[in-house]
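Pulled from Swiss-Prot, these are the features on record:
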type	residues	note
SIGNAL	1-20	signal peptide
DISULFID	C67-C74	disulfide bond
CARBOHYD	N71	N-linked glycosylation site
DISULFID	C72-C375	disulfide bond
DISULFID	C118-C124	disulfide bond
ACT_SITE	D149	active site, proton donor/acceptor
BINDING	R226, G227, S228, R229, T230, R234, V273, R274, L275, A291, A292, S293, F294, R295	UDP-alpha-D-glucose binding site
DISULFID	C279-C302	disulfide bond
Amino acid sequence: MPYLEIVLALLVLSFQLGHSDDDSGMCMAKEPCSEAPQQETKVDLYKATDNKYVALIQEALASYEPCQQANCSCHADVLKTDLRPFKGGISEQMVERARSYGTKYQIVDHRLYRQKDCMFPARCSGVEHFIKPNLPHLPDMELIINCRDWPQINRHWKQEKLPVLSFSKTDDYLDIMYPTWGFWEGGPAISLYPTGLGRWDQHRVSIKKAADSWKWEKKKAKAFFRGSRTSDERDPLVLLSRRKPELVDAQYTKNQAWKSPKDTLNAKPAQEVRLEDHCQYKYLFNFRGVAASFRFKHLFLCRSLVFHVGSEWQEFFYPSLKPWVHYVPVRVGATQEELEELIEFFAEHDDLAREIADRGFEHVWKHLRMKDVECYWRKLLRRYGKLVKYEVKRDHSLVEVY
């Protein structure tokens, strides 16, 4: 029986016992209980906080329907939603007005062309890697692909909606999401990944291998985080780590903007930690960076319990991951006390933590394969191409890529 069902059964039983008028055969609180174990469990199953979290998990599971492992169907609704503002078609004027918001690409006669000046060459290269296999099957089209961290087209602007592709956004933006270049190359560059985090296909293998060597029973029952101080949203966890190092190991690393210990909350910068080495911990925290976190998808591969802070920033695959089903949601601005309560709840309910961790791993392993990323790119390009309502003429200021 799943751990959640056991917990719920005990909660119901305790309620029934506490409200029974028939005390025959029962050990009452004021009587000696020779046959009843003094401590049936290490956990107080009747705390209000326990009831709160169990109820949230129960509610999430009751409404959850697993998606099918075919044709990147888990993410189909995201593409439909993103393209809906352009159901009337994409005009040449719309693309021209959008040009300043990203890098211009053309597909003409199954060849790919790009404007000469790419702000982030590795990012453009990552994008082009996913476009290339689709060229033989695509109609002529023009695309404005934003390779910056930040989305571009605010939905509250009164101007015409413009078709700009971005890897990440919030609900305030109308950008069309595409799977980030970082699935192949051009992700965040740190000392451990000097050319930038990429090759999702390879990391899937290496991190899973590390996870296999750190079975749940062997993992350290600690919350873990390593990253730079891109925002103060991360401060409470780092401060909790300093106050309760037996519960949390969260430290700031140095980034390019680091000037003094103030930039790491008055502490010496910690060393960066390989993604594979995260797997030795049971609880892994994810925070947004400038936009959505490149770390997020990798954490699930450790088969550890992922605590995801904030729900504002999205990538194309985020909506398929459900809070309390695949990960533990944490509100932005959670205090040290709130974080401590949440971590301790799962430390006391180890089987429940493991069930969520397993579901998170299985979902990412089955529905965020490289073939799913390629599938999403294919569907995006084909459906976008059908919306283009003008004859695309070769722009000779662009350079041929493929």
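Here the Cβ of each residue, glycine as well, is placed from N, Cα and C on the backbone.
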>> At a 10 A cut-off on CB-CB distances, which of the recorded positions C74, V273, C302 has the highest count?
In response: C302
>> Could you check which of the binding-site residues R226, S228, T230, V273, A292 is the closest Cα neighbour of C67 (disulfide bond)?
In response: A292
> In angstrom units, rounded to an integer, how far apart are the Cα atoms of C118 (disulfide bond) and D149 (active site, proton donor/acceptor)?
Replying inline: 14
> Using C-alpha atoms, which one of the disulfide-bonded residues C72, C74, C124, C279, C375 comes nearest to V273 (UDP-alpha-D-glucose binding site)?
Replying inline: C279
> What's the CA to CA span in angstrom from T230 (UDP-alpha-D-glucose binding site) over to C375 (disulfide bond)?
Replying inline: 32
> Where R226 (UDP-alpha-D-glucose binding site) and C124 (disulfide bond) are concerned, what is their Cα separation in Å, rounded?
Replying inline: 28
>> Of D149, C279, A292, which is closest to C72 (disulfide bond) if I measure between C-alpha atoms? They're all recorded positions.
In response: A292
> Among the binding-site residues listed here, T230, F294, which has the most company in the form of other Cβ atoms within 10 Å of its Cβ?
Replying inline: F294
> How big is the gap, in Å, between the Cα of C375 (disulfide bond) and that of F294 (UDP-alpha-D-glucose binding site), rounded to a whole number?
Replying inline: 20
>> Please identify, from the recorded positions C72, A292, C375, the residue with the sparsest Cβ neighbourhood, meaning fewest other Cβ atoms within 10 angstroms.
In response: C375
